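According to Swiss-Prot, the active site, nucleophile annotation covers 394, on the basis of sequence analysis. Here Swiss-Prot flags 81, 87, 90, 168 as [4Fe-4S] cluster binding site. Taken from Swiss-Prot, the feature S-adenosyl-L-methionine binding site applies to 270, 299, 304, 320, 347, 368. Per Swiss-Prot, domain 'TRAM' is recorded for 10-68.
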């Protein structure tokens, strides 16, 4: 009788390294060199010596997570959030905020400085509060069959598991005030398995709340939700499998430069209220606007930059890929009696040479693209010959790529500034001015 051979599975061994941290990258990772290879180590600060578990290793670099501190930095701070390390929202609460900011600013300036020999002005970083800055959060909901309770919170880091929370230190106070009340509300819900998630947005006219649910909403639950919205002055939206409906209150809006900008609860808005105001003010100042200017705003959304700048120039045109956002921008212009602005829908990753707006003359351009950048659009827009281009970036890698395109068309980088839009996280926002 033949015996079948079944090879035993190899046990996956955990590789560890000992590293002396020399620097901090903009994402909050400690940087070390071991035998010529660069390692990026999570939860490690400059001057620290750590034992770290390898999570990924490539030919030229490796990733690891500090597990044991053989030498600890005196600058390390105790994370204020009780969920830090489990919740996936923040990555840098153990890093002093000034160290976070300097690492981001250094990364931005060093990358741009490599593109040209001429000096670039590094302007003062645009900063705000380290805590209570987010006006939007999304809370996942999960029915725990064992405890027979609805859990509410954020996803764990690198996982779909839920971390139940009672507060979020980076969220605005108006949002935190609602979280315990939501916990009580959901405990009374008759069909908890139908619950999907909750989105909260702190607006000028109160908190807007979206509840996503599956199936049909029981009348008792609808009454419960409406009473909650009434008592807590919440603008309530309900979303089933097909559509979103405002069932109590009014559409949310925020104020900017004496302008009222209305938006739908699912629309993209800048989540840091104060930093958005500073960012827009900086953009308007750097473009040095006057009443003879004709300005083009790309990826304009619902007019966050377009409408404030339109008040200062002869004419403004905003271009946005999402038609619904274009309609909101038009409505916002009409509500605020701004008549020298036009908005158009266009896919800026496709040729727009036949679009009517592309035939107009623009002497100044502003763009605020997504993380993927604006490579296609810039190749076409540089043909318009604008004297200055202001680029708002949320990704330093695509900023550098796009800056090289602008350089090839004769534009020079004049100045740049880091925007600390999301303290305690790995995100790096910036604003950069190019002149021809």
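Positions of Cβ are set from backbone N, Cα and C atoms, glycine also.
Not measured: the values here are computed from a predicted model.
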- Mapped onto three states, the DSSP assignment of residue 87 ([4Fe-4S] cluster binding site) reads strand
- Task: Enumerate the residues of the same chain, 81, 87, 90, 168 excluded, that satisfy the criterion Cβ within 8 A of the mean position of the Cβ atoms of the recorded [4Fe-4S] cluster site; list them in sequence order.
- Result: 83, 84, 89, 93, 154, 165, 169, 170, 424
- Query: Expressed to the nearest Å, what is the distance separating residue 299 (S-adenosyl-L-methionine binding site) and residue 90 ([4Fe-4S] cluster binding site) at their Cα atoms?
  - Reply: 27
- Other Cβ atoms within 10 Å is the metric here; tell me which of the binding-site residues 270, 304 scores highest. 304
- Between residue 368 (S-adenosyl-L-methionine binding site) and residue 81 ([4Fe-4S] cluster binding site), how far is it from one CA atom to the other, in Å? 32
- Task: State the Cα to Cα distance, in Å, between residue 304 (S-adenosyl-L-methionine binding site) and residue 394 (active site, nucleophile), rounded to an integer.
- Result: 16
